[in-house]
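To keep things clear, I will list the structure first and then write my remarks on it.
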Amino acid sequence: MTHYDLVIIGTGSGNTIVNRRFAGWKVAIVERGTFGGTCLNVGCIPTKMFVHAADVAATPSVSSRFGVDEELLGVRWADVRDRIFGRIDPIAAGGSEYRHHNPDNANVTVYDGTGRFTGDKELTVDNQDGSTSVFSADRFVLASGSRPVIPPIPGLEETGYHTSNTIMRLEQLPARLAIIGSGFVAAEFAHVFASFGVDVTIIARSKALLRHEDAELAAQYTEIAQQKYDVRLNRETIRVTRHDDGEIELKMLHPDGAEELIVDELLVAVGRVPNSDLLNLDATGVEVDGEGRIVVDKYQQTNVDGIYALGDVTSPHQLKHVANHEARVVKHNLLNPDDRIASDHRFVPHAVFSSPQIASVGLTEEQAKERGIPYVAAVQRYADIAYGWAMEDTTGFAKVIADANTGQLIGCHIIGPQAPTVIQPVIQAMSFGLDAYAMAREQYWIHPAMPEVLENALLKLELHPKG
Ligand SMILES: Cc1cc2nc3c(=O)[nH]c(=O)nc-3n(C[C@H](O)[C@H](O)[C@H](O)COP(=O)(O)OP(=O)(O)OC[C@H]3O[C@@H](n4cnc5c(N)ncnc54)[C@H](O)[C@@H]3O)c2cc1C
Ligand SMILES: NC(=O)c1ccc[n+]([C@@H]2O[C@H](COP(=O)([O-])OP(=O)(O)OC[C@H]3O[C@@H](n4cnc5c(N)ncnc54)[C@H](O)[C@@H]3O)[C@@H](O)[C@H]2O)c1
């Protein structure tokens with residue numbers, strides 16, 4: 001049986017590990033899908049390319065408030081789609097080609113297939129060409145990601161539906177799109193398709209969209225979404241049917257009764273489940289938690305010595321910057337087993353690239369209360385800063401939350417233009433322990449730039465100078 005020094009399963013963030021420092025190692029990389037994983041092929045990158053095109057398409061709907069009259073003449077969906085994938089698909093193909101054939105990878109064998117453990121540190125790969133390979137290794141990196149959850153709604157399978165894996169490759173824009181789900185994927189695709197002229201309905205089980213955000217943000221986003229899309233809250237979809245003419249009918253229950261909805265396409269966006277079940281982890285003794293996530297220690301190592309895991313298959317965050325961070329930790333620990341480093345999950349930010357945009361780091365106000373942390377909070381509206389006047393923004397705000405005793409920031413939540421960019425100084429402050437009072441006052445904030453929304457929120461916090 002072939003024996004490797006290192007086997008990596010999954011070419012998302014897992015593919016970033018092997019470089020020239022592994023030149024003396026005998027390495028195998030196993031990938032069952034498209035090289036590059038979720039973010040590159042069906043996740044962060046194409047979605048944000050669609051979001052930017054959607055932002056451009058949405059401009060005429062707001063331009064007249066600036067005294068500029070614009071008209072949207074049309075959206076050439078095929079051109080939008082093909083520009084995006086015309087850029088992405090060659091990158092995926094190039095990544096695969098590099099690992100398969102470039103002399104840099106003379107020590108690397110790529111298996112195009114699905115890996116599953118069949119013994120102690122023994123992997124069997126069902127290759128795409130129908131063959132099977134069996135090999136063992138001293139070390140493994142489990143980086144097999146996650147996949148969309150498909151809820152058990154009667155009729156869904158027979159009707160057919162899209163997930164984030166397929167919706168971006170539609171042949172043509174539908175007239176009407178229903179989205180089941182109310183999280184990140186729903187918010188981003190609602191913006192994309194509605195901006196392109198599609199009639200979008202969001203079907204949520206909960207009372208608010210993006211309900212995991214700070215409650216004030218979730219409420220604000222929900223209110224804005226209700227003005228743009230048909231938002232059905234508190235709904236349970238109980239049946240999906242396809243009519244002979246191709247239309248899709250959804251039957252829903254809500255607290256006051258039942259209702260029906262007819263659409264042309266259906267997007268299911270109710271979360272993602274870790275791909276740990278594909279790996280038959282029992283065969284090598286790796287532990288998984290109740291959510292199907294591979295359990296790791298602070299070094300990203302599983303309970304089995306030499307088997308590491310990273311990214312969506314182990315993390316509750318399911319974010320690319322987390323997967324990349326963990327990949328850097330795993331790489332270091334593989335190369336320096338006697339001087340390992342821990343991953344840092346203290347302040348993991350996230351952003352929703354919808355319209356408006358949302359960004360968040362740290363505790364929500366509700367979480368601070370639940371934990372009994374004495375805190376101070378302050379809110380600054382974009383409408384009351386100069387750049388907000390320029391943009392005629394009426395709905396955006398930044399909320400900052402600090403520990404009342406230490407003055408350290410413990411959370412920040414922004415809804416409004418460029419929120420994912422505006423929040424970055426707070427992530428830095430929290431990561432490096434800069435106190436909020438000093439942060440507001442002991443640096444220049446460029447006037448009249450958008451981060452003034454943060455500066456003013458920080459200045460409003462009822463804190464005192466240290467020392
Ligand atoms: C629509 C969408 C938009 C997103 N947008 C953002 C964003 O804006 N910002 C952000 O931070 N995150 C975003 N994410 C999340 C982000 O894409 C993921 O967190 C990240 O890609 C996870 O990386 P990973 O390396 O853990 O897994 P993946 O990139 O999913 O890689 C896992 C790979 O393993 C392969 N694999 C699985 N099982 C096996 C097996 N048994 N054998 C062989 N190969 C296997 C899979 O085919 C896959 O290629 C988005 C996700 C989606 C779906
Ligand atoms: N900008 C980003 O960083 C970004 C963008 C897209 C996806 N992602 C990642 O991908 C993950 C998956 O995204 P997602 O939007 O699918 O999941 P999500 O977890 O963000 O949201 C899913 C929502 O669907 C609801 N839901 C669950 N079952 C339902 C049902 N049967 N009917 C109606 N609603 C139901 C849940 O209550 C939840 O609010 C995210 O958690 C995130 O980590 C990140």
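Cβ atoms are placed via backbone N, Cα and C, with glycine included.
Record features (TrEMBL):
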ACT_SITE  H447  active site, proton acceptor
BINDING   K48, G115, D312  FAD binding site
BINDING   G181, S182, G183, F184, V185, A186, A187, E188, G271  NAD(+) binding site
DISULFID  C39-C44  disulfide bond
DOMAIN    4-324  domain 'FAD/NAD(P)-binding'
DOMAIN    348-457  domain 'Pyridine nucleotide-disulphide oxidoreductase dimerisation'
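For D312 (FAD binding site), applying a Cβ distance below 8 Å and a minimum sequence separation of six or more within one chain yields G12, T38, G145, S146, R272, P274, N275, Q318, A323. Applying an 8 A CB threshold to same-chain residues 6+ apart, the list for G271 (NAD(+) binding site) reads P148, V149, G181, G183. With all protein chains in the displayed structure included, the most crowded Cβ environment within 10 Å among the recorded positions C39, C44, V185, A187 is that of A187. Under a cutoff of 8 A between CB atoms, and with a sequence separation of 6+ in the same chain, the neighbours of H447 (active site, proton acceptor) are A386.
Proximity of the recorded positions (C39, G115, G183, A187, D312, H447) to ligand 1: a Cβ under 6 Å from the molecule is found for C39, G115, D312. Looking at G115 (FAD binding site) and A187 (NAD(+) binding site), their Cα atoms lie 33 Å from each other. DSSP assigns G115 (FAD binding site) to a strand segment in the three-state reduction.
Ranking the binding-site residues K48, G115 by C-beta neighbours within 10 Å puts G115 at the top. Taking the centre of the Cβ atoms of G181, S182, G183, F184, V185, A186, A187, E188, G271 as the NAD(+) site, the nearby residues of that chain (Cβ within 8 Å, site residues left out) are I179, F189, L210, A269, V270.
Taken through DSSP, the domain 'Pyridine nucleotide-disulphide oxidoreductase dimerisation' (348-457) splits into 40 helix, 31 strand, 39 coil. Among the recorded positions C39, K48, G181, G183, G271, the ones whose Cβ sits under 6 Å from an atom of ligand 2 are, in sequence order, G181, G183, G271.
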